[in-house]
Amino acid sequence: MTAIKHALQRDIFTPNDERLLSIVNVCKAGKKKKNCFLCATVTTERPVQVKVVKVKKSDKGDFYKRQIAWALRDLAVVDAKDAIKENPEFDLHFEKIYKWVASSTAEKNAFISCIWKLNQRYLRKKIDFVNVSSQLLEESVPSGENQSVTGGDEEVVDEYQELNAREEQDIEIMMEGCEYAISNAEAFAEKLSRELQVLDGANIQSIMASEKQVNILMKLLDEALKEVDQIELKLSSYEEMLQSVKEQMDQISESNHLIHLSNTNNVKLLSEIEFLVNHMDLAKGHIKALQEGDLASSRGIEACTNAADALLQCMNVALRPGHDLLLAVKQQQQRFSDLRELFARRLASHLNNVFVQQGHDQSSTLAQHSVELTLPNHHPFHRDLLRYAKLMEWLKSTDYGKYEGLTKNYMDYLSRLYEREIKDFFEVAKIKMTGTTKESKKFATLPRKESAVKQETESLHGSSGKLTGSTSSLNKLSVQSSGNRRSQSSSLLDMGNMSASDLDVADRTKFDKIFEQVLSELEPLCLAEQDFISKFFKLQQHQSMPGTMAEAEDLDGGTLSRQHNCGTPLPVSSEKDMIRQMMIKIFRCIEPELNNLIALGDKIDSFNSLYMLVKMSHHVWTAQNVDPASFLSTTLGNVLVTVKRNFDKCISNQIRQMEEVKISKKSKVGILPFVAEFEEFAGLAESIFKNAERRGDLDKAYTKLIRGVFVNVEKVANESQKTPRDVVMMENFHHIFATLSRLKISCLEAEKKEAKQKYTDHLQSYVIYSLGQPLEKLNHFFEGVEARVAQGIREEEVSYQLAFNKQELRKVIKEYPGKEVKKGLDNLYKKVDKHLCEEENLLQVVWHSMQDEFIRQYKHFEGLIARCYPGSGVTMEFTIQDILDYCSSIAQSH
């Protein structure tokens, strides 16, 4: 085992700087091979690392190889299996349990003892030893007396050092000189003892020989100690001197620190003073401008604006911590507050005076516009006030209460001014629409006329926008048609209270121009005022959602102050609402006046609602493109609702007039008045609504009207006593079809086809009904023939029927010679001419259809004769050519 241990040390552990302390020959439990060893090793370098190494003998030779190594610190438990009986088995618990069987119990105990010592020395008893004999562990524990014995192995472990080359050489020389030592160890030991004694004696003699030198050395040491004492005394004196200097330097350093601190404080104090002086010192010129600056001149306004900005900067300066506790700062702030209050009062008072003066100046120009349909220009007023825009912005940020008061006063003054201007403007528009003059209203010598005009004006003003549609729109249209149609219409419908001369195209064109001029004057006026309010009062006017007019109409002078009692500026959304509310207050009379004007236009002619709908829609669309939330857009939108309501009412009135129409029992019906009026309405509407934005409304109205026309044409046709129903339907639907074909109204294509179909159907029905009269007996005879055939009698056997034999056929045919047929056709032509009206010019169309139908019946009769009476030689006493000649001569003779 010693030779194996030496070989393992040399071949495996020495190259790795390790020492082999213990070895045990083992095999795994359950296996018979014993060619592996467990080795306990330590490293020669510090820190010492203790390992358990498994070494296996190579199968191909006698050399060993290192298979696996575990650090001893990873060993948790050493299980010897049995502490009493000898047992070569033991377990080592690393990351898993390794079961071993030693070659002998002695080797196992020696290995476990070595592990115990290494555990005691390097691992501080970390490893648990289970089933290990206490005697084995006690032998390994060092005690006082036997420490040198029991701890020998440990000391050997600690003091073992490998011989260097020189030591190995000396030992080899000594061994060569003492070869007999191998055979005679006692002689060799004795020789070594003698040499040791010789060396000890030499050492003693050397020590005794150096005694004198030692004494000399001691004296030198004593002298050196004395010198050291002297040096220490000098150093002590130097130290005392340095201590004094140190105290003086500390005083100087402290003094310098205080001086530096004082300088720093002075610099900071100067900086604070400069900050306060630079940011809270208002120039005397600014103070003078705020106290007594001229607010009427441009130069004075500029000086006051600069002074107000400087004051605002001084008041809004961000003070540093502690500044607000300084008395001077408090006094300066109070002075600034007094200046701000003083200038705010001066500015508010001056602007109030400007508002009043401008209102008086503007009122003086009203007389110049009283006879013209134009609104006074407020641009000079706005231009003068915009010079104060920056001051208004300053007032808004510094004293919101006075800013709010100015806003209220401006609305009060301007609302009264605009109310006078707008009412006079609308009064002129009404006069121009009605054709009267303002002077005649005021100075008319005829009391009846003056009373009538006054009553009409009062009724319009008293309506407050409440509209009443005309009940005679159909009559008004009929007046514009031809004389014959006008006379028919006047005989059917109530003409209302408006004269026919007021309803011509020129009057409608004049109304259209006046209404357009009214809107064109109002639009720039409102936009200019809204733009001025935004700029002058510094309010944002864009990106606002339009509010309801019902909420805005309740605005009074105190609304704004009630909304912001805190005196703080409005947020952006509230500013947008404020612009809208100010515009509503200033122009509160626009919507009622527009409604009154619309009511007048509707009273003059209900068809004026078409013009108003198109014009108002266009202006609303334009205003919404500029700013959907503007007052103008909202107001015109509300008025547009009224106009649309009037338009719908106009359509409803026309339908109601259709339903109420009454026809004369003594004269023929002809073209119904509402059919002719629909034609003129459609023509007028197409010219008005060309490329208009509200085309959809007209299309809906067309649909309602045409349905009403269709229904009431049938109603009148059913009630007609003088004119046959088919004639009424045929003529009127022909007229409707011609109208729709000419106007090419895309939304009424289906109705156009329906009208054509109704016209065609009733034309055919009328022709068939009328043609049954001239050849009545012949018709009855052949109807009987067809009835027999329908009952199942063969056609060639009909002639054997008593009532329908050849003699009866000849008898009936003889009753209708050519002369009688021509006479009957002539009577038929006269009757048709009596039924049809001249306007539609359908006589020839109907006559030609009758001719075709007569020829068709003739051919039908000829066919029945050929089939039912073959070989009889019976024929009609007139031919198709005779029929053509009869019809042509009759048409030419009339």
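Cβ coordinates come from backbone N, Cα and C, glycine included.
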Coiled coil per Swiss-Prot - which of 95-149, 205-259, 700-754, 755-809: 205-259
Ser481, Ser487 - residue that Swiss-Prot labels as phosphoserine: Ser487
Correct range for coiled coil (source Swiss-Prot, candidates 152-174, 497-519, 635-657): 152-174
Per Swiss-Prot, the candidate from Ser440, Ser473, Ser489 carrying the annotation phosphoserine: Ser473
Residue carrying phosphothreonine as stated in Swiss-Prot, selected out of Thr374, Thr471, Thr559: Thr471
Annotated phosphoserine residue, as Swiss-Prot has it, among Ser364, Ser470, Ser561: Ser470
Segment confidence, the coiled coil (152-174), expressed as mean pLDDT: 60
